[in-house]
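Enquirer: One structure follows; several queries about it will come next.
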Amino acid sequence: MGLPTHTAQNGSGFLDTGTARLKELGYKQELKRDLSVFSNFAFSFSIISVLTGITTLYSTGLNFGGPVSLQYGWFIAGGFTMIVGLAMAEICSSYPTSGGLYYWSAKLAGPNWAPFASWITGWFNIVGQWAVTTSVDFSLAQLIQVIILLSTGGKNGGGYEASKYVVIAIHGGILLLHAALNSLPISLLSFFGQLAAAWNLVGVVVLTILIPLVATERASAKFVFTHFNTDNGDGINSKAYIFVLGLLMSQYTLTGYDASAHMTEETKNADKNGPKGIISAIGISVIFGWFYILGITFAVTDISYLLSEDNDAGGYAIAEIVYLAFKRRYGSGLGGIICLGVVAVAIFFCGMSSVTSNSRMAYAFSRDGAMPLSTLWHKVNNQEVPINAVWLSAVISFCMALTDMISNTVQESRHRPSKKHAIFVVGQGTLLHLTSNYLGSEVAFQAMVSIATIGLYIAYALPIFFRVTLARKSFIPGPFNLGRYGVLVGWISVLWVATISILFSLPVTYPITNETLNYTPVAVGGLLILTISSWILSARHWFRGPVTNVES
């Protein structure tokens with residue numbers, strides 16, 4: 001069967017191919033289609049944001065395997081992420097709508113399974129995205145706290161350590177700014193998106209070159225490429241087990257590229273440029289991310305000290321690396337603090353783009369009637385911005401963080417913790433070495449952020465699974481397609497997501513107690529139970545999947 005042209009003609013000439021295809025799929029063009037292929041790429045690239053993910057996950061990478069896990073784990077995770085991205089890009093080319101993943105599932109699962117498939121995929125996608133925004137913006141709030149700490153003398157010099165209430169207030173202020181920026185017309189938001197992409201690219205290059213040059217002590221090439229750290233203090237001695245945990249840390253960063261799909265109704269020639277946005281965002285992130293890991297690791301000389309909560313940055317490894325590099329050479333850590341400011345701006349842009357993607361998903365999902373008060377959330381203002389969905393995303397993300405803080409307060413009223421614990425904060429692909437002083441109990445927060453990673457990747461895998469099974473013979477590809485390799489790439493993608501879903505559920509600390517148990521299966525399983533229960537009890541009676549809003 002020949003490929004669809006996706007081009008339509010009106011009285012004055014040819015329609016944009018994305019607009020024509022959207023009409024074929026049964027939707028009106030309600031959002032302003034003003035994004036170029038670079039702008040589409042910029043949103044996904046800014047959400048992946050290697051400056052955000054690698055900076056905040058570096059402590060855990062050092063802890064589980066060190067340089068070997070960081071270097072080689074990055075390429076393993078990056079390679080499989082590219083395969084997943086290729087499978088998604090092929091489907092995106094055929095169905096370029098803001099609904100993205102859940103719309104794809106509906107079309108690929110067939111008429112009988114379409115409502116249920118889109119319901120499951122959509123809720124995993126949107127809840128995962130809200131959790132992503134929560135953790136990204138909280139990671140920025142925590143980095144701001146570290147910058148303030150170092151600017152006022154550091155932990156060993158009497159520096160100011162903000163309370164959890166101050167950090168949560170900073171988090172709320174960041175979300176407020178992001179909602180305000182996302183209320184601007186798409187043309188202005190596109191400019192900020194392109195600025196974000198440029199900031200990430202230039203920032204990576206500058207920091208990769210600058211930090212090793214400034215450092216008075218540098219690691220050898222042998223250390224950077226061959227040293228395997230087994231001294232993790234978590235009761236894990238198996239090198240294979242340690243490497244797996246280190247590998248997963250890289251995988252956390254490489255997520256969020258579905259943003260290119262959610263922005264397709266605002267992208268010119270989206271059936272071609274949406275797939276380009278997905279693939280280019282992953283590929284460039286993998287390359288620049290590796291350079292950043294390489295440059296920072298050459299400045300590592302004492303892993304145990306960098307991970308110690310008694311250093312000036314309180315155990316935030318990269319913050320301590322850049323602060324010490326400038327302090328030892330110039331007698332002042334001001335240059336290092338400025339470098340952390342560069343990273344903070346990148347994280348700010350990451351959160352901004354994350355809210356953009358959230359709001360487009362909420363707009364599309366509510367347009368099809370899947371969300372409570374759907375008629376409210378899918379409205380657009382005079383500037384063709386889904387304004388209500390923007391503010392909904394910001395409010396829910398703040399409530400997620402607030403819930404965890406309340407949980408922590410309740411725990412503190414019951415017992416005083418004997419020590420601080422490292423927890424995984426996964427969002428946008430963020431892994432942050434935090435303490436229970438700042439945000440929620442380990443149990444509550446890890447449960448929320450687990451949904452961000454596993455939930456999103458399950459949402460990625462479901463339409464691909466339907467593509468290689470139920471729609472294997474009926475799928476009609478768009479302008480971008482994988483030809484005869486489409487099914488093979490699809491199966492590898494599904495198997496990789498299944499693999500990391502199991503690996504993400506492994507314990508990360510021994511012995512296993514209530515405080516050290518990996519609650520990922522509980523969190524993801526809870527979301528699955530809630531989603532299926534709501535379907536059985538209610539949604540199956542009224543939700544019919546994607547609903548067209550134009551006449552055939």
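Placed from the backbone N, Cα and C atoms, the Cβ positions cover glycine too.
So TrEMBL lists the following for this protein:
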- 37-58: transmembrane segment (TRANSMEM)
- 70-89: transmembrane segment (TRANSMEM)
- 101-124: transmembrane segment (TRANSMEM)
- 130-153: transmembrane segment (TRANSMEM)
- 165-184: transmembrane segment (TRANSMEM)
- 196-215: transmembrane segment (TRANSMEM)
- 277-300: transmembrane segment (TRANSMEM)
- 334-355: transmembrane segment (TRANSMEM)
- 389-410: transmembrane segment (TRANSMEM)
- 445-466: transmembrane segment (TRANSMEM)
- 487-506: transmembrane segment (TRANSMEM)
- 518-537: transmembrane segment (TRANSMEM)
Enquirer: Under 8 Å for C-beta pairs, could you tell me which stretch among 130-153, 334-355, 518-537 has the largest tally with the transmembrane segment (487-506)?
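Expert: Looking only at 130-153, 334-355, 518-537, the most contacts with the transmembrane segment (487-506) come from 518-537.
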Enquirer: Apart from its near flanks, which chain residues at least 6 from the ends of the transmembrane segment (165-184) lie with a Cβ under 8 angstroms of it?
Expert: 133, 137-138, 140-142, 144-145, 192, 348, 351-352, 354-356, 359, 383, 385, 387, 390-391, 393-394, 397-398, 401-402, 405, 438-439
Enquirer: Between the stretches 37-58, 101-124, 277-300, 334-355, 518-537, which one has more Cβ pairs under 8 Å with the transmembrane segment (130-153) than any other?
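Expert: Between the stretches 37-58, 101-124, 277-300, 334-355, 518-537, 334-355 has the largest tally.
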Enquirer: Given the cut-off of 8 Å on Cβ pairs that are 6 or more apart in sequence, determine whether the transmembrane segment (196-215) and the transmembrane segment (70-89) share at least 3 such pairs.
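Expert: Result for the transmembrane segment (196-215) with the transmembrane segment (70-89) is no.
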Enquirer: Report the listed stretch (70-89, 101-124, 277-300, 334-355) having the maximum count of Cβ pairs within less than 8 Å of the transmembrane segment (37-58).
Expert: 277-300
Enquirer: Taking the transmembrane segment (70-89) as the reference, which of 101-124, 277-300, 334-355 gives the largest number of Cβ pairs under 8 angstroms?
Expert: 277-300
Enquirer: Sort out the residues at least 6 away from either end of the transmembrane segment (277-300), same chain, that have Cβ-Cβ distances under 8 Å to it, and list them.
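Expert: Distant contacts of the transmembrane segment (277-300): 37, 40-41, 43-45, 48, 50-51, 53-54, 58, 62, 67, 70-71, 74-75, 78, 81-82, 85-86, 88-89, 92, 200-201, 204-205, 207-209, 211-212, 215, 217-219, 223-224, 253-254, 257-258, 260-261, 263, 267, 306, 318, 321-322, 325.
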Enquirer: Determine which residues of the chain contact the transmembrane segment (101-124) at the Cβ level, with the cut-off under 8 Å and only residues 6 or more beyond its ends counted.
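Expert: Residues 91-92, 95, 258, 261, 364-365, 368, 370, 455-456, 458-460, 462-463, 466-467, 470-471, 474-475, 527, 531-532, 535, 539-540, 543-546.
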